[in-house]
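Straight from Swiss-Prot, the features:
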- 34-54: transmembrane segment (TRANSMEM)
- 78-99: transmembrane segment (TRANSMEM)
- H84, H183: heme b b562 binding site (BINDING)
- H98, H197: heme b b566 binding site (BINDING)
- 114-134: transmembrane segment (TRANSMEM)
- 179-199: transmembrane segment (TRANSMEM)
- H202: ubiquinone binding site (BINDING)
- 227-247: transmembrane segment (TRANSMEM)
- 289-309: transmembrane segment (TRANSMEM)
- 321-341: transmembrane segment (TRANSMEM)
- 348-368: transmembrane segment (TRANSMEM)
Amino acid sequence: MAPNIRKNHPLLKMINSSLIDLPTPSNISAWWNFGSLLGICLLTQILTGLLLAAHYTADTTLAFSSVAHTCRNVQYGWLLRNLHANGASFFFICIYLHIGRGFYYGSYLFQETWNTGVVLLLTLMATAFVGYVLPWGQMSFWGATVITNLFSAVPYIGQTLVEWAWGGFSVDNPTLTRFFALHFLLPFMIAGLTLIHLTFLHESGSNNPLGIMSNSDKIPFHPYFSLKDILGFMIMLLLLTTLALFHPNLLSDPKNFTPANPLVTPSHIKPEWYFLFAYAILRSIPNKLGGVLALAASVLILFLIPFLHKSKQRALTFRPLSQLLFWLLVSNLFILTWIGSQPVEHPFIIIGQLASTTYFTIILVLFPITSALENKMLNY
């Protein structure tokens with residue numbers, strides 16, 4: 001029998017074992033589509049970003065006008081910019097749903113896969129932040145000023161750290177230049193981390209909606225899930241192009257269409273929608289260092305999730321009390337996102353403080369207690 005090149009070629013056999021002959025649980029639902037959708041998001045962002053970078057000038061006097069020039073004079077430059085800006089939103093929608101799926105079905109018990117995923121989230125957040133500064137509009141400039149200033153809360157070395165990040169005594173040309181360099185570099189770092197993430201995932205195989213061992217019922221990835229993924233790509237790309245063509249500025253801040261002016265502070269500085277939950281937690285503590293620690297904890301808490309798992313069952317599929325808590329947490333995150341977009345005044349301050357407290361309480365206290373209670377209920 002002739003050797004099968006797909007299974008014997010050094011490169012093709014890696015692709016084969018990851019995308020073609022990969023044994024996959026037969027019952028995984030559409031919630032398992034978001035991993036591949038994130039891959040498509042990354043690819044789209046790198047392609048549109050590369051083409052935008054060809055027309056961008058990383059200089060404070062030219063950055064804003066170079067973006068305007070791209071939109072007005074470059075063939076389909078407006079489309080590239082709209083796809084890239086809204087592609088970032090879709091990236092975050094997909095990653096939040098992907099994390100939510102992992103949380104709901106207990107996928108975090110694949111600890112290496114989960115931890116590399118959290119590192120990927122942090123890298124994505126850093127990439128989005130430095131990218132938002134590049135158009136050099138009002139919100140770009142003041143967002144960069146406010147967020148980089150948070151490093152000054154670090155005891156003893158804080159101020160030095162901020163000036164080192166800025167490359168001077170304020171956000172200026174050196175800051176923009178280095179942010180552009182970082183924004184170009186980080187997506188490739190994300191691509192590398194994704195390969196590590198997949199390597200760890202394929203060591204254990206995918207989890208499934210029942211949260212039980214599925215070795216006795218696996219099917220090949222291709223054609224079953226490759227087709228399912230392609231359907232996902234089509235739906236997501238349709239939604240992305242619809243947003244980019246019909247409502248390109250729906251999710252962006254109008255203040256960013258004004259060139260950066262260090263002498264005029266916007267009345268209400270806020271980041272893009274995907275950072276608002278963390279921004280609300282940061283603002284809910286009336287102390288700089290405390291706020292920064294809470295901000296860091298709001299994302300880094302994900303590293304603790306595997307250690308807080310006390311249930312005898314893996315997924316939440318058959319755990320109604322924990323399901324209730326999960327949806328409370330989701331609702332709470334929506335409230336935090338809304339609060340982050342509001343000015344710092346009554347009643348938003350107290351709502352933000354309550355929602356921030358609830359966020360940490362649900363994850364650190366209520367989930368483990370409820371799991372223990374459900375374990376007890378299994379005995380009756």
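Glycine is treated like the rest: Cβ placed from N, Cα and C.
H98 (heme b b566 binding site) has H202 as its nearest neighbour among the binding-site residues H84, H183, H202, going by CA to CA distance. Of the candidate ranges 34-54, 78-99, 179-199, 289-309, 348-368, 179-199 contributes the most Cβ pairs within a distance under 8 Å of the transmembrane segment (114-134). Residues 18, 38-39, 42, 45-46, 49, 53, 56, 58, 113, 116-117, 119-120, 123-124, 126-127, 130-131, 133-134, 144 of the same chain sit 6 or more residues outside the transmembrane segment (179-199) yet have a Cβ under 8 Å from a Cβ within it.
Of the Cβ pairs linking the transmembrane segment (227-247) with the transmembrane segment (34-54) and spaced 6 or more residues apart, 3 or more are under 8 Å, so the two regions touch. Take the CB of H84 (heme b b562 binding site) and look out to 10 A: across all protein chains shown you find 20 other CB atoms.
Take the transmembrane segment (289-309) and the stretches 34-54, 78-99, 321-341, 348-368: counting Cβ pairs under 8 Å, 348-368 has the most. The transmembrane segment (348-368) shares the most Cβ pairs under 8 Å with 321-341, out of the stretches 34-54, 78-99, 321-341.
Within the same chain, residues 100, 103-104, 270-271, 273, 275-281, 283, 311, 348, 351-352, 355-356, 358-359, 362-363, 366-367, 370-371, 373-374 sit at least 6 positions outside the transmembrane segment (321-341) and bring their C-beta atoms closer than 8 Å to a C-beta of that stretch. Within 10 Å of the C-beta of H202 (ubiquinone binding site) there are 14 other C-beta atoms, taking all protein chains into account. H197 (heme b b566 binding site) sits 21 Å from H183 (heme b b562 binding site), taking the C-alpha atoms as the reference points. Cβ neighbours of H183 (heme b b562 binding site) (same chain, under 8 Å, six or more residues apart in sequence): G49, T127, V130, G131, L134. When the alpha carbons of H202 (ubiquinone binding site) and H84 (heme b b562 binding site) are compared, the span between them is 30 angstrom. All protein chains included, H98 (heme b b566 binding site) registers 21 other Cβ atoms within 10 Å of its own Cβ.
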